[in-house]
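The following features are taken from TrEMBL:
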- 27-71: domain 'Homeobox' (DOMAIN)
- 29-72: DNA-binding region (DNA_BIND)
- 74-275: domain 'TLC' (DOMAIN)
- 83-103: transmembrane segment (TRANSMEM)
- 123-142: transmembrane segment (TRANSMEM)
- 149-168: transmembrane segment (TRANSMEM)
- 207-227: transmembrane segment (TRANSMEM)
- 247-271: transmembrane segment (TRANSMEM)
- 281-317: region 'Disordered' (REGION)
- 301-317: compositional bias 'Polar residues' (COMPBIAS)
């Protein structure tokens, strides 16, 4: 309200939403009471009742659905909040871990386990991260549904489960490594969203490409060969398997599977960007495309980051 909104206004971002559908009592009743996406049979019935072309009715429903989407100003403010949080928590994590011995030698995560001290800085790091992911879990149900809703739901469950489980079992050392690694790329994605909303396309593309590189390096390189290596093999060697060992590593492997899925989506978007010369529209976008005629006559420059009001792009891990 006091920081992001003035910044958005100074960048010329207006508090205006998508094109509004023309008032129609019959279609509005169908939209609010029956369905927001009528099938072919219902479209034909409405066409006869209103003497409208089926394509015109489809366009009305498309505009009506988009009408409820958040404005660019709202999305900019949410992305700016997320950018601030991700960058701050990442810098805090790096500063904290730089002097931690297990940051340089992962075997230190298991020495003298489970009798390892819980410092105040480590405690607050964990509590802040857990609170943030709980907020994402709750907001997902009130946010606009996306194609990756189930994937994100599983991701939040796995993340909250890992943070809580590792804290209860005092696996906080390796837990801090996982948290910091996941925060390394998220602020870059939010920066790309901010540039996109402000219509700085080249800056947006640059941030997205940088985000893609960092994401793939950390999630497909460092995470399996550094984190999974210590939780699967070094822990087995130093303290041996125990009942919770299987659950802990099962959740980490679930995260790795999600990393592979998102990396595929990022690579596909990056490939389209190289082919078309700019970052293409996100497959998970919350604003639906207009008809072919409208697309042909409009200067559509929507980018990959057309996200919902809570900014959930959510490649965010």
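Using N, Cα and C of the backbone, Cβ positions are placed for all residues, glycine too.
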Report summary line: The correct DSSP tally for the domain 'Homeobox' (27-71) reads 32 helix, 0 strand, 13 coil
Report summary line: Within the same chain, the residues 6 or more beyond the ends of the transmembrane segment (207-227) and with Cβ under 8 Å of it are 106, 174, 177-178, 181-182, 184-185, 188-189, 191-192, 195, 252, 255-256, 259-260, 262-263, 266-267, 269-270, 273, 279, 304-305, 315, 317
Query raised in the report: Which residues, given as numbers and ranges, are at least 6 beyond the ends of the transmembrane segment (83-103) yet have a Cβ under 8 Å from it?
Result: 109, 121-122, 125, 128-129, 132, 173-174, 176-177, 179-180, 183-184, 186-187, 190-191, 193-194, 316
Query raised in the report: Which value does the mean pLDDT take for the domain 'TLC' (74-275) in this predicted structure?
Result: 88
